[in-house]
Amino acid sequence: MSWFGRATSDAPVATISQVELDNKIVEATSESIPNGEIDLSIAFEITDLIRSKKISNKIAMRSLKKRLTLIYLNPNLLLSSLKLIDLCIKNCGFGFLIEISSKEFMDYLIDFIFKIHYNTKELTYGHGGGDVGNKIKIGEMILKYLQNWKIIFENQQQLQYVEKKYQELKNQGFEFPDNNNNSGENDDFNDQVTQLNSKFVVDSEVPPDWVDNEECMICYSPFSMLNRKHHCRACGGVFCQTHSSNNIPLVNLGIMEPVRVCDNCFAKYDKSKKHSRNTSSSGDYNHQSRSIQNDYGGTHGSRRQGNNNDDDNDEEEQIRKAIELSLKESGAGGSGSGGPNSIPSQSRPSAQPPIDREPESETGNADDDEDAEMKAAIAASLKEYETEKSRQSQYQQIQPVQSTQSTQPESDLYNISFPTFSSTSNYPQPQFTASQPPPQQQQQQQAQQQAPSQDLSQAEEEQINLFITLMNSIKNDSRKQKDIMYDTNLNELYGKVIKLRPKLNKSLRNSIEKYETFLEMNNKISTITRLYDQFLEQKLNMAYGNHHISTQFTGVPQQQQEGQFTGSQQQQQQQQPHLPAQGTGYPRYGGSDTNVAQQQQQPPISPNEFYNNLPQHTGFQNYPSYPQNQGTAPDNSYLSQQPSGASTRQKQQQPPIQTYPNQLQPSEPDFEDDDNEEPVNTPQIRVAHNRTSSGSCPLYPTNDIIPDPYSANTNKSTTPNSDDHNYVAVSLPHYPPPEDLSNELPPQQHYVRRASSSLPPNAYEDASLKYPTLENVEHDYDKKKNQEQQQSVNESDFPDVSKVSQFNNRGEEDEGRRNSGASGASSNKKFVVEPEPLIEL
C-alpha cells in the first residue's frame with residue numbers, strides 16, 4: 001500500500017466518470033450524422049481521454065460494448081460505432097488493445113452481432129430489398145476491420161485472440177475482402193503500408209503505468225509523512241516534491257492540461273522544445289540570408305532568375321557567395337584598421353567587389369573563379385591571424401623586462417623610514433599615465449585571463465558529493481547493489497565524475513603549490529618582522545640606556561621571578577641553616593625565654609631579611625596571591641606566596657610579624673580523641689608528636705617560651721624529641737597560635753581568606769564567633785589546669801549531683817574551653833554530655 005490508501009500498482013486516479021464517456025460516445029456517433037460517419041473532434045477527445053488514462057481501459061471497452069448493444073439493429077449507427085472503435089484502436093495505446101482483443105469484446109462482436117444479425121453467408125443480394133444490402137455491407141465492414149486488426153495485432157502475444165477469431169471465421173468459409181485486388185505493382189506498397197500501420201498502432205505512445213517505490217528515484221530519499229511521494233505522468237516513476245515540482249502539458253500522450261512531471265522528463269521535453277525553436281529560427285535565418293544575398297547579388301540574382309531549372313545549384317551558389325562576402329568584409333576591415341582588435345563594420349560592405357567580379361563570374365568557368373576567390377579569402381584570414389599572433393608574442397617579450405624594473409624598488413621596503421638609505425633615488429621608477437596601467441598589473445590581468453580556471457565549479461562539486469552520497473547508500477543496501485547496472489542516472493553521473501578526475505587532480509596540485517608558496521612567503525614575512533623588531537628594540541635600548549628607571553613601582557626582573565619557586569628555594573635553605581624546612585605544621589622556635597614586650601621592642605626586620613627567613617615548604621606556594629589593604633595585617637602564609645618582585649613600598653609598610661603557615665585546616669576540632677589523651681604529668685612531647693603526625697591538631701608554643709628570632713643559633717641542636725616543655729598539645733581550631741597580637745593586629749581583625757576547596761566561605765568568621773578569643777587562651781589554660789588538679793584530688797568514683805549542676809552553670813564556659821583545646825588530657829576524665837549548641841538563625 002502506498003501512502004493514504006491506494007494500491008501500489010494502480011494507475012492514475014480516473015478524472016472522468018463512465019457516464020460522461022458514454023455521453024461523448026453518443027455525441028461522436030450521433031444519428032444526425034449521415035452515412036455512418038463520426039464527429040472527428042469528439043472522437044479524438046475520446047481517444048485522448050482513454051490514452052491519458054483519465055478513465056480505465058476496461059471501462060472504455062465496456063462503454064463501447066454498451067453502445068454496440070444499444071444500436072446494433074441500426075446499420076448506420078453500427079457503422080459509425082465500428083469506425084469509432086477502429087479510431088480508438090489506432091490511438092489509445094497498447095493497454096486499450098489488450099481490452100479490445102479480450103474474449104469479452106471479440107466474442108460479443110463476432111458471435112452475436114456478426115453471425116446472428118450480419119452473417120454474410122446467409123444474406124444474399126436481391127432478397128429483402130435495401131435493408132439486406134445494408135446488412136451485407138455492415139457484415140463486410142466487420143470482416144474488413146477484423147482482418148485489419150489481425151494484421152495490426154500479429155506477433156503480439158497478448159493480442160492473439162483476434163488472430164484466433166480470424167482463423168476460425170476463415171475456416172468456417174467466410175470470405176474476407178481482398179486488400180490486394182489491385183495490380184501486382186501495388187502489392188509491395190500495400191504490405192509496407194500495413195506494416196507501417198501496425199508499427200504505428202502498436203508503438204503508439206501512452207502514459208506509462210505507475211510504479212511504486214519507497215524512495216525517490218532521483219535522490220533516493222525515503223518517503224515519510226512529511227516527504228510525500230508523487231508520480232510523474234510522463235514516465236510513471238515516483239519522486240519526492242523537490243524532484244517533481246514541474247507541470248507541463250503532455251500533448252503526445254493526449255494530456256492537454258499541465259500535469260506533474262519529474263525533473264528528467266521536464267528536461268527532456270524542454271530540450272525538444274528548444275530544438276524545435278532552433279530549427280524554426282534557423283529556417284527564418286536562411287530565408288533572411290537568401291533575401292540579403294539577393295540584394296547583394298545584383299546581376300547574379302537576375303541571372304539566377306533566368307535559370308529557374310537549376311534551383312539546387314542556385315541555392316549552393318548563394319551560400320558560397322554569402323561566405324565569400326563575409327570573408328572579404330573581414331579581410332578589408334582588418335587591413336584597413338591596422339589593429340588586431342578592429343571589428344569590421346556592417347555598413348562597410350559596398351557593391352564594388354561584386355561589380356568588379358561580375359565579368360569574371362559571367363565569363364569562363366565560374367566554379368574555378370569562385371574556388372580561387374575562396375582560397376584567396378582563406379589565405380587573407382590566415383595572414384591576419386599570423387600578424388596578430390606575432391604582435392602578441394612581441395608584447396609578451398617586452399613585459400618581463402618592465403616587470404623586473406618595477407619590482408626592484410619594492411625589495412628595500414623596510415629602509416624607507418630611515419633617511420640614510422636613499423633607496424628611491426637610486427632606482428628609476430616607470431612613469432604611467434592614467435589610461436595605461438603598470439605593465440606588471442597588465443601581465444597579471446592577462447595571465448588571469450589566459451590561464452584556464454583549474455578549480456571545480458559549484459555544479460561539479462555538487463555532482464561529486466551526490467555521487468558519493470549515492471554510492472554510500474548503495475553500499476549499505478544489497479537491493480540497490482543488484483540494480484546498479486540498470487540505474488541510468490547513476491551511470492550517467494559516474495561518467496561525469498570520471499571526466500572531472502583530471503581536473504580535480506590539477507586543482508589539487510595547483511592548491512598544493514599555492515600552499516607551499518604561501519607558506520614560504522609567510523616564513524619570510526615572519527623572519528623579516530622578527531629581525532625588524534630586534535633592530536627596533538636595540539634602537540630603543542640605546543636611546544633609553546642612559547636613564548635610570550626607578551624600581552619603586554616596578555617589579556624585579558623576570559629571571560628573579562622565575563627563580564622564586566625553583567632555584568631560589570635551595571639557595572635560601574643554604575644561606576639560612578638555622579631555619580629547618582618543614583612540610584607540615586608550624587615552624588620551630590628556638591632561643592632564650594623572652595616575653596612579648598621584648599619581642600615588640602626589637603628593631604623591625606628589613607624586607608630582604610624577612611623574605612629570606614620565610615619557610616620554604618609551606619604547602620601553599622602554588623596558591624594565587626591576593627591584594628592587600630594598607631590597614632590590614634597580612635596572613636603569613638599569604639606573605640609566603642607573594643612573588644619576590646613585589647614593590648619595596650609595600651614591603652616597608654608591612655609590620656614585622658611571625659609566619660604561621662598551614663592555616664587552611666578543617667575549622668571543626670576533633671572531640672573524639674578526648675578520652676584517649678594522656679595525663680598532664682606525662683611528657684607532652686609524645687602527645688604532640690602523635691597528634692602532629694596524625695594531622696588532627698598542631699603544636700602551639702606557650703606565651704612564656706616564645707623564642708627570640710635573632711637567637712635561633714643558640715638552640716640550633718634542639719629536636720622535637722628533646723623539647724619536652726616547649727610545646728603543649730591543644731585541640732584548638734587551626735588558626736594562628738596563642739600570641740599577644742594586640743599590638744600587631746587591629747581590634748576588629750578580619751582575616752584574609754583564600755580560595756580553598758576544604759573550607760566554606762565564612763569559616764573564619766564562624767570560628768571567631770563560636771570560640772573564645774586568642775588573648776584568653778593561655779590564661780584559661782592555666783586556670784583550667786589548676787582546677788583539674790584540685791578536682792582530681794577531691795574527685796570520687798562517681799560524680800555528685802552538685803557537680804552536674806555546677807557543670808550546667810559553667811556549660812557555656814566549659815564548652816568554649818573544650819573547643820579551644822586548652823584543657824589538659826587526663827586519664828581519669830569521664831565523658832560528660834555536652835549541651836547542644838544553639839543554632840543561630
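Every residue, even glycine, has its Cβ placed from backbone N, Cα and C.
Per Swiss-Prot, the feature zinc finger maps to 210-270. Residues annotated as Zn(2+) 1 binding site in Swiss-Prot: Cys216, Cys219, Cys240, His243. The Zn(2+) 2 binding site annotation in Swiss-Prot covers Cys232, Cys235, Cys262, Cys265 and rests on sequence analysis. As annotated by Swiss-Prot, region 'Disordered' applies to 273-317, 329-371, 384-459, 558-841. The annotation domain 'UIM 1' is assigned in Swiss-Prot to 314-333 on the grounds of sequence analysis. Among the features that Swiss-Prot reports, domain 'UIM 2' is placed at 369-388.
When the Cα of Cys219 (Zn(2+) 1 binding site) is compared against those of the binding-site residues Cys232, Cys235, Cys262, Cys265, the shortest separation belongs to Cys262. Residues near His243 (Zn(2+) 1 binding site) in space but far in sequence (CB under 8 A, at least 6 apart, same chain), listed by position: Cys216, Ile218, Cys219, Cys262, Asp263.
Summary: among the binding-site residues (Cys232, Cys235, Cys240, Cys262, Cys265), the fewest other C-beta atoms within 10 A of the C-beta are counted at Cys235. Note: the Cα of Cys240 (Zn(2+) 1 binding site) and the Cα of Cys232 (Zn(2+) 2 binding site) are spaced 10 Å from each other.
Between the listed binding-site residues, namely Cys216, Cys219, the fewest other CB atoms within 10 angstroms of a CB are found at Cys219.
Here the domain 'UIM 2' (369-388) is broken down by DSSP into helix, strand and coil counts: 20 helix, 0 strand, 0 coil.
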